[in-house]
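Residues or ranges marked as N-linked glycosylation site by Swiss-Prot: N102, N209, N466, N557, N693. The domain 'Ig-like C2-type 2' annotation in Swiss-Prot covers 155-232. Summarising the annotation, Swiss-Prot assigns domain 'Ig-like C2-type 4' to 346-432 and lists sequence analysis as the type of evidence. Under the heading region 'Disordered', Swiss-Prot lists 429-467, 662-692, 728-762, 775-880. Sequence annotations record features per position, and here Swiss-Prot assigns heparin binding site to R497, K501, K503, R541 based on similarity to another entry. Residues or ranges marked as compositional bias 'Polar residues' by Swiss-Prot: 665-678.
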Amino acid sequence: MTLLTSSLLLFSLLTSRLEAIPVLEKSPAHPAHSAHTAHPAHPSPGVRILRAPESLVAPLGDEVVLECETSLQPERFEWSHRSSRSPGAGFKYLRTGTAKANVSQEAAISRLRVLVRPDTLGEYRCVGWFGPLVVTSTTARLELASTSLVDAQEPESPLQWRVSAGNSVLWSCGQQVQSNPSASWSYFRNGVEIKPEFIGTNGNLFLSNVSSESSGSYSCQATNPASGERIQLPGSLQLQVTPEQRSQSKSPHLLKGQPSSQEITIREGSSLLLLCPGVGSPPPTVVWSSPDVVGAVKNKRSKVFGHALEISNTRVHDAGTYICFQDNGVRPALEHYIKVHVEQPPQIVRPPWADLTNEGDRLKLECEATGVPTPEIYWLLNGHSSIDDTEAELSNNFLILHSVLKRHAGYVQCFARNRLGEHSAGTLLQVNPKQIQEPRESGGTHRPNPNQGSKHKQMYPPTPPNVTRLTDESVMLRWMVPRNDGLPIVIFKVQYRMVGKRKNWQTTNDNIPYGKPKWNSELGKSFTASVTDLKPEHTYRFRILAVYSNNDNKESNTSAKFYLQPGAALDPMPVPELLEIEEYSETAVVLHWSLASDADEHLITGYYAYYRPSSSAGEYFKATIEGAHARSFKIAPLETATMYEFKLQSFSAVSASEFSALKQGRTQRPKTSTTEEPTLQMGDRDTTTPSHNETFNMSPMLTGTIGGGAVLILLLISTCLCVCRRRNSRSRGNNPNKPRMAELRDDFVPLGNCSPTKQRQRTRHIHITLNPLAQQQQQALEEKNDTDQDAPYYQRPSSYDYDPALRRMSSSSLRRSQRTLERAGGSNGSNNGNNNNLNQTAEAGAVENPGKPGRVLMKRPRLSSRSENLSSGSLNSVGV
């Protein structure tokens, strides 16, 4: 792949970003990092090197295989090489299929076959391409196997040692051999190979508690395990063991050729064997100690075998000086010093941490590593060395970018290396590009016209979406609208296209509202949306279409290529556990969660939070939480005093975890004002809402008292209503079921029987509404009555037994009533029966009492509380 193509792929990520949606804010209570706490790799792209190529030592002409494995299958693998002939030169990408290098790929594993030649020796790297991201492995060295003598001199005369029985003898045979890799040793006595008592002595032959049978001629041989080459060392040892009783007493001392001190270098984690030279007569007793290492001898990892001290699983703090003290009772005693160096491979303890950075800003990244010797730190920006970047400066463990440019967007890796190996860590650098303002026409000062409104405002497009796999058929998109003063956006539409020839863009049906026209951060406003009904094992591109207030639209740049992998091919993501939903305020809650102790945070880019009211069965609102280290977040705004249900899932650039268990929480209730309320005027009402404690914390006794009082008041009101109704019924008559005609007749009383005390009530008349069906006929009759006042009518002579004035008034009232009855009888034949019955009743009363004067009926006063309406019946008037 050419550099031009690589640059085009990188450009697609320049404006990509991972931000939270508007409803999210960082929790105010966030634990601070201690000075020794390592930052997690954030934001992580979700991909990493699982198995880097290992350094190899091989003979000339051999073929070796370097393997590299990534956590996810990349779009492609590439290998780079730096020759050992020019160590100062940079790495160069290899051409595959050549005679000296052949690359093959199987899923997420790449293999490089190399023929060992002088020009193929050197360092190799594996490079994985994930869209615009470039992830580089640590360096593997390919070295040539070799074995040689340090000083090729003429053979020396054999060593002649004479010791008494019971002593321990140490012979350093392999001090003159240099081998890569380390040689394996064979020892011979009188030409016969013997098995050494201790293995891994690096060319030292140790014989403990020698006897006369140990006497003889000793020699050694070095073998290169890679090439199989063997070297017979020229030196030899002639050992003579004498009986102890024949030897004279001698203080502990060293034999000819034995070192007075030793210096040993070992790799951390290996087993360390310290051997103490020296003999005496009688054989001395050995005591081990160390002035530098506390508890170096007396611990679970240390074992003492007389003249030998073995320390397993060596650690860095085991380095120091060890003393072998020998004493046999004959002065002086012997002290032998051994200096131990423990080397440690590099390990990055504080990886770089890059947040969203504006284009043109200054960025400082730190990378702290441990190791012995002290590791060297170097940086790669999307696979390219920072040394070649004009904006980059290296200062101790820091990488300083004086001005962040678009080409810096991508994966930034820190490497720590020493002679034992390399270690790397990386972070995703996101660059927020500058918004390019369209130049205004020159020629005078431009003054804004308030009447123009938003006519000349610019349409700023959203950033390209970041894509995360949700399921085998769906993805989550995240994008941002940078802060600007352009035309407001109304809605968004999501478009996607399958990569391939003749594949068209498709638009989803959902309209994604812009929401409130305000920025949720200094950088702008973020959004999320999901796309479903995709096909696994296919590559897609996505873009966002923004619709503005002028009904015009503008598209974002397309996303990087996204390969939708099936879930079976992905490692499961850590599932967060919701611990608590904190009632933060009336419109906000804070989510608290945790991860399992064995969860790998390096796989996590952030978290998705889903929430909705518990009473709703609709879709969940979505929120994005950035950073694998986040353990709490505030969600706002929410409805007051409303119960919500929440669930979480972690995500990376290529996949998302399973959902956490649902957990419910609610926002706080409105707080009751503690100030004194003003006096309520007429028509006002108290609308103060009781607080949560006032509503639910009343004592049971108070509750029972209030309830009992309310019941008594209801009973009292019911009793009063019943008594009033009964009195009202009695005042209307004892027979509530008597006919309406009889009731109407009772409304008129005989004038002769009327007592003087009721004269004041005679002016109160009943108002009778005519039948609506006969209103027109009644109106015509009334007009006829007005024109014919002398119409004849029949009336029995009446006698009055009281005041003449009252007699004249009653007579006039009766004449009007009789004329009304006669007109009704003439106009509505259906009512004659009722009128006749009424007249007949009056006449029958006169016949039955012939001796009494005729009765004249007058209207009886009615209570004002009763209203008579006879319009629904057939009676239209009253008969006398």
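We number each residue from 1, going along the chain as drawn.
Keep in mind that glycine also has a Cβ here, set from the backbone N, Cα and C atoms.
Note: the Cα of N209 (N-linked glycosylation site) and the Cα of K501 (heparin binding site) are spaced 82 Å from each other. Cα-Cα distance from K503 (heparin binding site) to N557 (N-linked glycosylation site): 17 Å (rounded to the nearest whole number). Summary of the heparin site environment: with the site residues R497, K501, K503, R541 set aside, the chain residues having Cβ atoms within 8 Å of the Cβ mean position are M498, V499, G500, R502, N504, W505, Y540.
Shown for the domain 'Ig-like C2-type 4' (346-432): DSSP residue counts in helix, strand and coil, namely 6 helix, 52 strand, 29 coil. When other Cβ atoms within 10 Å of the Cβ of K501 (heparin binding site) are tallied across all protein chains shown, the result is 4.
Among the record's heparin binders, R497, K501, K503, R541, no two C-alpha atoms are more than 13 Å apart, and one pair sits at exactly that spread.
Residue density at K503 (heparin binding site): 13 other Cβ atoms are found within 10 A of its Cβ, drawing on all protein chains shown.
Within the same chain, the residues at least 6 positions away from R497 (heparin binding site) whose Cβ sits under 8 Å from its Cβ are K503, N504, W505, Q506, Y540, R541, F542, listed in sequence order. Nearest in space to N466 (N-linked glycosylation site), taking C-alpha to C-alpha distance over the recorded positions N102, K501, N557, is N557. For N557 (N-linked glycosylation site), the count of additional Cβ atoms within 10 Å of its Cβ stands at 18 [all protein chains shown]. Less than 8 angstroms from the CB of N102 (N-linked glycosylation site) sit T96, L112, R113, each of them six or more residues away in the same chain. With every protein chain in view, the residue among the glycosylation sites N209, N466 whose Cβ has the most Cβ partners within 10 Å turns out to be N466. Neighbour count (other Cβ atoms within 10 Å of the Cβ, all protein chains): 20 for R541 (heparin binding site).
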